[in-house]
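Novice: Here you go, one structure.
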């Protein structure tokens, strides 16, 4: 019989940042005896999870995709946001052959160029500056029919902040003398990632048929009407923007459709509705043969043009484990399963040799403030069983609660979420110690520690740019190093496991064995 393994466990408490101020801080307000005791009695440090330290622009808040890529890569990975900013600044973007090719083909055939994406300055799934650059590219290349389909944010930005962005684009189109915003809809519909196809269908119909529940002459009028219906940006219902005398912006065969989101997880479903011949999420009322361009690759099995294909990462933590014949488990709920698998593996969809995966279904509720504990009890049960199984050299687990409940902006629910996590951490730490394993507890970015925006007084539903905790639980006598970042975690784990760190990993171990 094989020797029982003593696992190195990484628990990622999604959205669990560190903030000294107590006001509007769900983590401080929650009763967390377990985390308090670990912080007081175990080796610990604070690490950076935002901005330049994770390959984002300076002071840009972190997010789950970026966080997990850096965690798994063991090096700073320059994100699509930063890469695109640079390309636009030096004008390489305006010569991108995939983007220019799609625009030119549509223009030469007298067809429309449709641009869609999350119109947001949040920088998590997209950035409105990139969308503006795409509008300029289409106009510069002589396209006459340019239609922008704006997905509204209110999640990575304040809940009612879309008006200034929409005005900026209205002014741009007026200055160009061509093109217009053709539709607005909340990301709740257009950017679902949990197979809630009834939501996606509403966005698809709006785009393909130019039909929605509402119509307005201007974007601001459409937005104000939504606010009057008590819909924040995220939840704005399908609204056609079309003044009298303006042509219909329904999509037709041969049109170009450029999707300007750079983050994959919430871009996949609506992309599949356009691209997959065998799509069965809902019965499409109109199937259009558009020239579809993904800004980045949303999934390897989506067969359509990609403007910025992924740069491959060699010797990520998962790949290095496989090369060294180690066994590993990835486990999370639906909401963060892609993060501990695809993103942690550097954008690789397939599992590595010796890598098992467990997916726990997230609860089917409209918003997670209705069930702040989410599926954490079942997740913990499965995680504890895996720790005690003796099968795994390493286990990577993500608890989504701090982030998903933090996004609702409901303080009371976020406190409950954090308290549920404290019980989970207790069970996990006990299990790890009972088998002589090691445990690192950290987060990928902040969220729940800031539940109200002090400037506006509105609920703070976005991530933060604050540091996150890192705690060591285990039998090794270790000393914490200050000044770490997410990309130091993989080298830290390898070091604690007594393994060589591959040269591609430029991060440094944050716990030194004394």
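Backbone N, Cα and C define each Cβ position, glycine as well.
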Novice: Taking 4, 29, 64, 487 as the options, which does Swiss-Prot list with 14, 444, 445 at the Mn(2+) 2 site?
Specialist: 64
Novice: Name the residue, out of 323, 326, 336, 353, that Swiss-Prot lists for the same substrate site as 125, 155, 156, 187, 193, 263, 264, 265, 266, please.
Specialist: 336
Novice: Can you tell which of 149, 463 Swiss-Prot lists as binding Mn(2+) 1 with 403, 407?
Specialist: 463
Novice: Specify the count of other C-beta atoms within 10 Å of the C-beta of residue 266 (substrate binding site).
Specialist: 21
Novice: Among the binding-site residues listed here, 407, 445, which has the most company in the form of other Cβ atoms within 10 Å of its Cβ?
Specialist: 445
Novice: Go through 125, 193, 463, the listed binding-site residues, and name the one with the sparsest Cβ surroundings, counting other Cβ atoms within 10 Å.
Specialist: 193
Novice: In whole Å, how far does the CA atom of residue 193 (substrate binding site) lie from that of residue 14 (Mn(2+) 2 binding site)?
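Specialist: Spelling it out, the Cα of residue 193 (substrate binding site) and the Cα of residue 14 (Mn(2+) 2 binding site) are 17 Å apart.
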Novice: If I take the alpha carbons of residue 403 (Mn(2+) 1 binding site) and residue 14 (Mn(2+) 2 binding site), what is the distance between them in whole Å?
Specialist: 5
Novice: Binding-site residues 125, 156, 264, 445: which have a Cα within 10 Å of residue 463 (Mn(2+) 1 binding site)?
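Specialist: Those close enough are 156, 445.
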